[in-house]
Amino acid sequence: MQNSEVFILAIESSCDDTAAAVLHNDKVLSNVVANQLIHNQYGGVVPELASRAHQQNIVPVIDAALRKANVQKEQLSAIAFTQGPGLMGSLLVGSSFGKSLSLALNIPLIAVNHMHAHILAHFIDEEGYDKPEFPFLALTISGGHTQIVKVNSFFDMEIIGETTDDAVGEAFDKSAKILGLPYPGGPLIDKYAKEGNPKAFTFTKPKVPGLDFSFSGLKTAILYFIQKNKQENPNFIEENLNDICASIQHTIIEILMDKLKLAVKETGIKQIAIGGGVSANSGIRTTLKESEAKYGWKTFIPKFEYTTDNAAMIGIVGYQKYLSKRFEDSSVVSKARIQF
Ligand code: KG4
Ligand code: ZN
């Protein structure tokens, strides 16, 4: 088969979204995600419920992805699946399905590192979207990850900074919980922050050396701040919600920007690509765009559907691996933690 005729079916099931996508070379034909709303009532992802929901969703989601792409199973060149990192019970559903289908169709099986996929999502071919050039810096920010990665090529990347405790998405979600907002609270903080004063309240930023992050101290600072103010005024949250959210968001953005500035200084690389659910945050997007004029950076912010967990990003890595024949045999195993 010619390289110009590569069709990849990609499966992503590392956390609480069951996703499948079909790619024709580096173009996305379909990108289907079934979100698991069941977790919202528990205030976070319940692993046992996630794997059960994946089992229910996986067949209809893959079927929908093939139908939307108008691609027959027999046309597929390879199956790509998320090998890790993630929740073991969730990963197993996607990998078992992928293995079985590749055996049944007698086509190659490709294992994808979820974190590489968040970064390489920038190489999905989209009209009007410039791709970064190697080397570039990737800031991956989500409910499970916070990393700065130096990306030298498709398969050569190194983590130069990461969180030592909570991920930045957790900082948003846990702060929201303290304010009595439902899970996931990140998008709500973003919404209220738009109407608030980011300088209304100040929270101490963590002092972490080098390019690493820490967010657990911020969460504690916010908790004490709220407790103290509520003692004086029981309606403190309701009366100041917009300003509190704007101030929390402002602090988180400053923490991220301080480290990015340091990373640019240390590496001399001025191309910054972001990924992960938190990159949907409007404050982060605006601040990054402003950095282009302010610091001479070039920033890359992909379409929203490629920043949150999705299978198109697994498919683009699958396509690159297909071109260099990086295939697995059926003994490949899922990994909750995986070497970068
Ligand atoms: O990448 P993602 O969909 O799933 C993983 O965690 O892997 O990211 C979800 C995270 C949640 O913590 C959610 O609160 C956060 O992304 N998030 C946001 C926004 N939209 C989603 N955080 C801040 N502002 C947003 N607009
Ligand atoms: Zn993710």
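From the backbone N, Cα and C atoms, a Cβ is placed for every residue, glycine too.
Over in TrEMBL, the protein carries these features:
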{"type": "DOMAIN", "residues": "27-315", "note": "domain 'Gcp-like'"}
{"type": "BINDING", "residues": "H114, H118, D309", "note": "Fe cation binding site"}
{"type": "BINDING", "residues": "T140, I141, S142, G143, G144, D173, G186, D190, N281", "note": "substrate binding site"}
CB contacts under 8 angstroms to H118 (Fe cation binding site), restricted to the same chain and 6+ apart in sequence, sorted by sequence, are A138, T140, S142, H145, G275, G276, T307, M313
Among the binding-site residues T140, S142, G186, N281, D309, the ones with a Cβ under 6 Å from any atom of ligand 2 are S142, D309
Rounded Cα distance in angstrom between N281 (substrate binding site) and H114 (Fe cation binding site) is 21
Rounding to whole Å, the Cα atoms of G186 (substrate binding site) and H114 (Fe cation binding site) are apart by 21
Close to ligand 1, in the sense of Cβ under 6 Å, among T140, S142, N281 as binding-site residues, are S142, N281
Excluding its own, the Cβ atoms lying within 10 Å of the Cβ of N281 (substrate binding site) add up to 25
If you tally other C-beta atoms within 10 angstroms for each of the binding-site residues G144, G186, the top scorer is G186
